Amino acid sequence: MSNGSSITHFLLLAFTDRWELQLLHFWLFLGIYLAALLGNALVITAIACDHHVHSPMYFFLLNLSILDLGSISTTVPKAMANSLWDTRAISFSGCSAQVFFFLFLMSAEFFLLTLMSYDRYVAICKPLHYGTLLSSRACVHMAAAAWGSGFLNAVLHTANTFSLPLCQGNAVDQFFCDVPHILKLSCSHSYLREFGLVMFTAFVFWWCFVFIVLSYVQIFRAVLRIPSEQGRLKAFSTCLPHLAVASLFISTAMFTHLKPPSISSPSLDLVAAVLYSVVPPAVNPLIYSMRNQELKESI
């Protein structure tokens, strides 16, 4: 019986067997990647350089853009290189690093989205307490907690996953190294410890999502009391896309990690992975930033 130490590399999922379609996937991912780089880099530069946008909301947005840049750079460049060079291989250490950084950055991002919903709740529902509840020190502590929680989650999952004996070959049925697909390679019953950790993480993420939803319910109740129809439309047009992205992220991620094996298929897994790993970092600059007049003027 082989274990993880005897595997020197993994084989990632090929999008297609046809070279022409592989090139098409390369150009598609390249366009998405460049759009994400440009959008998030503009946001980071604008917030860092313009003192007019130095507020808690933009501080959290700065952190979000940094996390988005890191998360999409963890998975998409390797997938593009594999499509361009018609290869599937990734080293064992490269796969381990990809799992760690992806879990670290995406977990921290979801915790940060939770904090951003709290920021909007306080700003709209408790504006007189905004300066007290979201002081500079409090914002730094909350952001550090999000980054630290993401780091701890990544360490636990990466250590658990790659300590399992792997007996089912080295072919990962995904375009990047993802925990559920590596668990499929483990020996029978050896994955139960990691599955328990996945369930605990899903429980924590679910309650974060419940907190986000409840925050926006309170926000919408406050918005409906705004006498100006234009003001209500502006608030709804800003908040609804935020909630939509958070919902897309948590629903597709939990579907990927918790779905029963009986409904698993490569195409379904691929679509779900793209929706929670590629789409949010690319669209977040548009949803959180480009719709904001202050930030557009700063850019």
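Just so it is clear, glycine is given a Cβ too, placed from its N, Cα and C backbone atoms.
Non-local neighbours of the transmembrane segment (26-49) in the same chain are 58-59, 61-62, 65-66, 68-69, 72-73, 76-77, 79-80, 83-84, 278, 281-282, 284-286, 288-290, 295, 298-299; each lies 6+ residues outside the stretch with a CB under 8 Å from one of its CB atoms. The transmembrane segment annotation in TrEMBL covers 26-49 (among others).
Annotation source TrEMBL lists domain 'G-protein coupled receptors family 1 profile' at 39-288.
For 56-76 (among others), the entry in TrEMBL reads transmembrane segment. Sequence-distant neighbours of the transmembrane segment (56-76) (same chain, 6+ residues past either end, Cβ-Cβ under 8 Å): 29, 32-33, 36-37, 40-41, 43-44, 47-48, 98, 101-102, 105-106, 108-109, 112-113, 115-116, 119-120, 123, 130, 134, 139, 143, 146-147, 175-176, 277-278, 280-282, 284-285, 288-289, 295.
The transmembrane segment feature in TrEMBL is assigned to 96-118 (among others).
Per TrEMBL, transmembrane segment is recorded for 195-217 (among others).
Residues annotated as transmembrane segment in TrEMBL: 238-258 (among others). Nonlocal intrachain contacts for the transmembrane segment (238-258), taken as residues 6+ away from its ends with a CB within less than 8 angstroms of a stretch CB, comprise 106, 110, 113, 116-117, 120, 178-180, 198-199, 202, 205-206, 208-209, 212-213, 216, 219-220, 223, 269, 272-273, 275-276, 279-280, 283-284, 287-288, 291-292.
For 270-288 (among others), the entry in TrEMBL reads transmembrane segment.
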- Item | Close approaches to the transmembrane segment (270-288) from elsewhere in its chain (Cβ under 8 angstroms; 6 or more beyond its ends) | 13, 15, 29, 32, 35-36, 39-40, 42-43, 61, 64-65, 68-69, 71-72, 75-76, 102, 106, 109, 116, 174-176, 178, 241-242, 245, 248-249, 252-253, 255-256
- Intrachain neighbours beyond the transmembrane segment (195-217), with Cβ under 8 angstroms and 6 or more residues off its ends: 107, 110-111, 113-114, 117-118, 120-121, 153, 156-157, 160, 179-180, 183, 239, 242-243, 246-247, 250, 253-254, 257-258
